[in-house]
Amino acid sequence: YTFECCYNSLTFLFFSFRRQDVLTVTPWLAPIVWEGTFNAEILDSAYRPLNLTVGVTAFAIGKYTRFVGRFLESAEKHFMKGYRVNYYIFTDNPETIPTVQLQPGRRLVIVPIKKYPSWQEISMRRMEAINKHIAETSHGEVDYLFCLDIDMVFYNAWGPETLGDIVAALHPGYFNVPRSQFPYERRSSSAAHIPDGEGDFYYGGAVFGGLVKKVYEFTKTCHMTILTDKANGIMAAWQEESHLNRHFLSHKPSKVLSPEYLWDDRKPKPPEIHLIRFSTVDKDYKEIRD
Amino acid sequence: ADVCTFGMLISKVDICAEEICVCLYEFYRSFKDYLHSHIPCRRRDVLVLTPWLAPIVWEGTFSRDILNAQYMQKKLVTGVVTFAVKKYVQFIEGFMSSANKYFLAGHQVIFYLFTDNPEQIPHIQMAPENRLFVIPVQNHSRWQDISMSRMDIISRYIRSQFQYEVHYLYSIDVDVQLFEHIGVEIIDALVGTISSWQYTARRESKSYETRTESQAAIPKGEGDFYYTASFYGGSVAEVYKLTRACFKGVMKDRENGIEARWHDESHLNKYLLYHKPTRLLSPEYYWDAELSRPRIIQVKRMCSVHKNMLRTPGIPGSIMWAMLSCHVFLPLDFTII
């Protein structure tokens, strides 16, 4: 039995889809999706016949409407290509939403929403708005729903490898630092509190999703914990992101996306990141949040 | 270093240089340990995720505590189907006593024991959460027919009974014993177990049916893994679909006067090629006792106990080519022919 076994076709297949430099499965056996772990063709052939519709929610409030055009144009190039997609753009200013040419099977739905006085409030009310919208509308229109930040651009393929029951993404700032440095909410008076020594990952609030039913459930739970904090006069360190992390600690995601799916262009690219799929747009936070 | 190219390059080099390359690679890899350093579960020496993102369950990849916590509220009920026909009744005691101890301990398990000889079943002490149903079944003169009729029986009983009683169902050969816990890490929609024969010199003897006349035929060059028919399962809905499809294939073959090379196992492999499992179990979960254990198998949870195979003239220390392993050449127990 010789070294020819190396050239067996099965071996070749597995040498191509393998990452050993990163963790690719969580301790609860959820896959962590990195470039090089999956074969897009196999996944496509499994998901296409299901005739799925994927929804995307994004909030464009106040000055954030300026990001909608680029978000949608880049999504048309890279997000779930070949699938039916509904973009739900929540905005306080429907007239400022640009018209973007969409591929067949894809549509834009504008969801009018109230503007809250502070950006933190706007951010935290997203959970409630998404939850309400699912109950009223999107539960009957989509199978999967992703909730994304609007001030981002797609640069590379985002496909059915991201579909799962409950999907969270690793925050780009914390995937390669020790857990003690995760910016969890540490005050025990908050409902988003995670004590020292606990926690699996630090998930980013800019990307989460899953089956529409599951997204409904966890946006409801997050909204409840946010209201609890409000009643106690406390606001979590990173707003709804802290609540999301608390939630995903006790209700673990069934799939985790690597920081390729939630990148920050201001960060230098480490060797683990082979490909950037979805990333922040450079902006002046002070100017835009006032 | 690009692992793929690296792996293919060193296959052309002789053993000494290979050892150096492997050392260098290990040295490089050790710097990566800061990533998720609080997570102790990590296996780098084996493939832990399929190209369709199904986890492959090995010792060291999961925390059973975390998984058990996930199932606490769910009141999981799992069924186990096993067949003890003719002389196989001798294995019942060993199977049931070890399964009661190690199979989904602490969770509700219903054992469905199909036998042609209900009177010969010894008294079995069941764990308090578990139940046993003994179901009489007809035997056939050929063991291959018994084997292949299992698919038909399972699908019929799912439809008439099991779907109302369990959430998940696993088919397990009776001539096995469990030595280590098999827990909720096996629970998923469609689960296949990688055959332990993938690791042996006799690999070519356990492979897909290639004759195109058979319904179980897999075209040359295709195939992900070779799965064993001794342990597979999933949700009742998925197992129903699988067993129906396999039995249909068996019947069609019978009409055409052909029998697949490895009987129901060939049909199982065909099905799982085109309906990818959502989770794979490593050969830890079913180890054929005839084979000696390679280093990548850290635990043997369930092993066959039959000894009806002739001792094959051995290649000393058996070759452990693991295509799932990162080392193209093998560790110390590798013997060059």
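Here the Cβ of each residue, glycine as well, is placed from N, Cα and C on the backbone.
Now, the feature entries from TrEMBL:
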- B:Glu265: active site, nucleophile (ACT_SITE)
- B:Phe83, B:Ala84, B:Val85, B:Tyr88, B:Asp173, B:Val174, B:Asp175: UDP-N-acetyl-alpha-D-galactosamine binding site (BINDING)
- B:Asp173, B:Asp175: Mn(2+) binding site (BINDING)
- request: Rank the binding-site residues B:Ala84, B:Val85, B:Val174 by the number of other Cβ atoms within 10 Å of each Cβ, and give the residue at the low end.
  value: B:Val85
- prompt: Near B:Asp173 (UDP-N-acetyl-alpha-D-galactosamine binding site), how many other Cβ atoms are within 10 Å of its Cβ?
  reply: 22
- prompt: Reduced to three states, what secondary structure does DSSP give B:Glu265 (active site, nucleophile)?
  reply: helix
Message: Through the lens of DSSP with three states only, how would you label B:Ala84 (UDP-N-acetyl-alpha-D-galactosamine binding site)?
response: strand
- line: As a whole number of Å, the Cα atom of B:Asp175 (UDP-N-acetyl-alpha-D-galactosamine binding site) is distant from the Cα atom of the residue listed as 'active site, nucleophile' by 16
Query: Ranked by the number of other Cβ atoms within 10 Å of their own Cβ, which of the binding-site residues B:Phe83, B:Tyr88 ranks first?
result: B:Phe83
Field: Distance [Cα-Cα, Å, rounded] between B:Val85 (UDP-N-acetyl-alpha-D-galactosamine binding site) and B:Glu265 (active site, nucleophile)
entry: 18
Field: Between B:Glu265 (active site, nucleophile) and B:Ala84 (UDP-N-acetyl-alpha-D-galactosamine binding site): CA-CA distance (Å)
entry: 18
- prompt: Hey, what's the Cβ neighbour count for B:Asp175 (UDP-N-acetyl-alpha-D-galactosamine binding site) at 10 Å?
  reply: 23
- prompt: Given B:Asp173 (UDP-N-acetyl-alpha-D-galactosamine binding site) and B:Glu265 (active site, nucleophile), what distance in Å do their CA atoms have, once rounded to a whole number?
  reply: 12
- prompt: To the nearest whole angstrom, what is the C-alpha distance linking the residue listed as 'active site, nucleophile' and B:Phe83 (UDP-N-acetyl-alpha-D-galactosamine binding site)?
  reply: 15
Statement: Reduced DSSP state (H/G/I helix, E/B strand, rest coil) at B:Asp175 (UDP-N-acetyl-alpha-D-galactosamine binding site) is coil
- request: Ten-angstrom check, please: count other Cβ atoms within 10 Å of the Cβ of B:Glu265 (active site, nucleophile), all chains counted.
  value: 24
Task: Using the centroid of the Cβ atoms of B:Phe83, B:Ala84, B:Val85, B:Tyr88, B:Asp173, B:Val174, B:Asp175 as reference, list every other same-chain residue with Cβ within 8 Å of it (recorded UDP-N-acetyl-alpha-D-galactosamine site), in sequence order.
output: B:Thr82, B:Val89, B:Phe91, B:Ile92, B:Phe95
- line: Largest C-alpha distance in Å for the UDP-N-acetyl-alpha-D-galactosamine site residues B:Phe83, B:Ala84, B:Val85, B:Tyr88, B:Asp173, B:Val174, B:Asp175, as a whole number, is 11
